[in-house]
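Beneath this line is the structure, given in structure tokens, with notes to follow.
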Amino acid sequence: MIKLGTHLSIAKGFANAAETAVYIGANTFQFFSRNPRGGNAKEFDEKDIIKFQEIRKENNFAPLLAHAPYTMNLGGTKDDVYEFATRVIDEDIRRMDSLGIEYMCFHPGSHVGGGVDFGIDRIVKGLNNAIKGDENITILLETMSGKGTEIGFKFEQLKSIIDKIEHKEKIGVCLDTCHIFSAGYDIVNDLDGVLEEFDKVIGIERLKTVHLNDSMMPFGDKKDRHAPIGEGKIGLKALIDFMEHPSLKHLPFFLETPFDDEGHKRELKMIKEILSSK
């Protein structure tokens, strides 16, 4: 069975998000581990969490994915920004693990002029301080588009981070189709080649989740602009082929497309109908 969901808001609680997932035809979902542009995290509501776990179990949800906030930058030069990022990643690993969330992804960071090697060293230090080794959750580095001074738009950069992680069994990769297309990996015309390169550089076993997004921007443009599935430069056929690839079809897929719940419901229905007709 395909593991397919979208990004959902938990502003009205985890149970509400889980109910929304069921309503739109998803069997998993992604959510922000805290306000994506804010600071402190809200305390969990016990009744909400109990109901959330019941819905999750009753509907046999696939692995869930938390997304760390955008304000978190482990790769930069400003010490106050770095200290905030290290606190957030440490807290949110603990918070998400307590809920039994299987994965948490994050944007590795931007070096903002410090240089790639400097940024990677900062990211590694932050992760090694946060990952204790006794967690059940797996932390995922997200593939990036390469805008500005982003780190993680080349597979080699992700490998450089992973190689220095102490508890390597707790680290993986979340592949974003829009991002890698924008970064110059041709998943439209050479998907096998891209996956072979990923396997050679990082190891395909490290790939745990997929952000399934089309791209508003052309190939190699290094800009992060998501488009609805089939309405961008990647196209419907390439994204369906991606989902059906033998090395990928077992993974959970999460849409981050610019739709509301009703739009996502239609989008999920379209994808499932195409997959089931083959």
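Every residue gets a Cβ built from N, Cα and C, even glycine.
Cβ environment of His107 (Zn(2+) 1 binding site): Ala68, Tyr70, Met72, Glu142, Met144, Glu150, Gly152 lie under 8 Å away, each six or more residues apart in the same chain. Here Swiss-Prot flags His67, His107, Glu142 as Zn(2+) 1 binding site, drawing on sequence analysis.
In the shown protein chains, 16 other C-beta atoms lie within 10 A of the C-beta of Glu256 (Zn(2+) 2 binding site). According to Swiss-Prot, the Zn(2+) 2 binding site annotation covers Glu142, Asp176, His211, Glu256, on the basis of sequence analysis.
All chains included, 21 other C-beta atoms sit within 10 angstroms of the C-beta of His226 (Zn(2+) 3 binding site). Under the heading Zn(2+) 3 binding site, Swiss-Prot lists His179, Asp224, His226.
If you draw a 10 Å sphere around the CB of His67 (Zn(2+) 1 binding site), it holds 24 other CB atoms from the protein chains shown. Note: the CA-CA distance between Asp224 (Zn(2+) 3 binding site) and His211 (Zn(2+) 2 binding site) rounds to 13 Å. In the three-state DSSP scheme, His107 (Zn(2+) 1 binding site) is classed as coil.
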